[in-house]
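Engineer: Annotation comment: Swiss-Prot describes Lys33, Gly34, Gly35, Val36, Gly37, Lys38, Thr39, Thr40, Glu234, Asn261 as ATP binding site, evidence class sequence analysis. Per Swiss-Prot, active site is recorded for Asp62.
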Amino acid sequence: MSTAYFDADCDLEPSLKSLFSLKTLKWIFVGGKGGVGKTTTSCSIASRLAEERESVLILSTDPAHNLSDAFVQKFSNAPTLVNGYKNLYAMELDASYQQAVEFKLKEENSLFSKFLPDLISALPGIDEALGFATLMQSVKSMSYSVIVFDTAPTGHTLRLLSFPSLLEKGLSKLFSIKQNMSGALQLINSVSGNAIEEETLNSKLEDLKAITTSVKETFQDPSKTTFVCVCIPEFLSVYETERLIQELAKQSISCSHIVVNQVMFPIDLPSGNDQGESVLKDSSELLKLEDIPSDHSKLVEFTEKIVCSYNKLLSYSKLLYSKYYSKRNMQMKYLEQIRDLYSYDFHVAYIPTLNNEVSKIRVLIS
């Protein structure tokens, strides 16, 4: 494939206009492999949304929180207004918050409370899934126009997305176990004298089921929820992106936007083997006439130094351009794959490699 496809500005426009035009969206998840710029992308999307929506919350579910670093401001479990904004809030979830929103089964002073935790723990992963579902129910009740989720790397995110399905299966087993234990519960009631009301158990399980259904329905509603995949044009990142997209499809979660970060755009240089020479072809203009010695012997020495410096700089320039084009050619292969895989069914935004490190978030995606 010709590199001309990627040289056209119109094909590499860093735009997610179609995402920002979806006014009904409530949850926007941003995810991908570690180190591809998820937090920068999340913050940029949230910043852009703050220009159009009444209120925006960006929420980090990644244990290695970076929102505070991105905005150069400390955030916590509580939504905090981001400096410089009137309607953009940020929060970073940690273990204490997740524990606080979980069902407090052990705090109930009833014999019933001694059984359900054991039933739940008998199903691998369901306790964590319950905590997540309750957390999402809490987030759902927040009165923000839209919430942007800055998620953990792909593996953690895939586990997170599988929780609703895991809960459905787990709760079905719990209902089955409850039915099988009905006789034992009646026996315990008669021996202990403490009434374990079956209605209480039913109510608790129905509450869990209702939360699971609510979260799953919101996840699978493309008018309310979407997922933005972030990657870079390298093998592992493109591979994980495809794995993530396939898993999202299995979970019936909308995903129609991909952000490709760190793209090395072409620079205006002559073609051929004289790229290094072209950089320095006018280097003689840098010399001031008054610096040139008039003495013949000194002039020879001066000229030798100039030639030596020129050759060193030329070699260094060739090395830099060699590294640039090697990296560029490697990216071209994966940019081609991204185009072939996603250009027809996805909105793909290509973000150029920045000259400087991102320390304060600005809108990178329009």
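Every residue gets a Cβ built from N, Cα and C, even glycine.
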Engineer: Using a 10 Å radius around each Cβ and counting other Cβ atoms from all shown chains, which of the binding-site residues Gly35, Glu234 yields the largest count?
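Structural biologist: Per the Cβ count within 10 Å, the most buried is Glu234.
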Engineer: 10 Å Cβ neighbour count around Thr39 (ATP binding site)?
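Structural biologist: That number is 24.
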Engineer: Which value in Å gives the longest Cα to Cα span across the ATP site residues Lys33, Gly34, Gly35, Val36, Gly37, Lys38, Thr39, Thr40, Glu234, Asn261 as recorded?
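Structural biologist: Per the listed residues, the maximum Cα distance equals 19 Å.
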Engineer: I'm trying to understand the geometry here, so how far is the Cα atom of Glu234 (ATP binding site) from the Cα atom of the residue listed as 'active site', in Å to the nearest whole number?
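Structural biologist: Spelling it out, the Cα of Glu234 (ATP binding site) and the Cα of the residue listed as 'active site' are 23 Å apart.
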Engineer: Where Gly37 (ATP binding site) and Asp62 (active site) are concerned, what is their Cα separation in Å, rounded?
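Structural biologist: Cα-Cα, rounded: 13 Å.
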Engineer: Which whole-number value in Å describes the distance between the Cα atoms of Asp62 (active site) and Gly35 (ATP binding site)?
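Structural biologist: Cα of Asp62 (active site) to Cα of Gly35 (ATP binding site) measures 12 Å after rounding.
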Engineer: Enumerate same-chain residues with a sequence separation of six or more from Lys33 (ATP binding site) and a Cβ-Cβ distance below 8 A; give 'none' if the list is empty.
Structural biologist: Pro153, Thr154, Cys231, Leu236, Ser237, Glu240, Thr241
Engineer: Let me check the 10 A CB neighbour count of Asp62 (active site). How many other CB atoms are there?
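Structural biologist: If we count other Cβ atoms within 10 Å of Asp62 (active site), we arrive at 21.
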Engineer: Under a three-state reading of DSSP, tell me whether Thr39 (ATP binding site) is helix, strand or coil.
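Structural biologist: For Thr39 (ATP binding site) - judged by DSSP and reduced to three states - the answer is helix.
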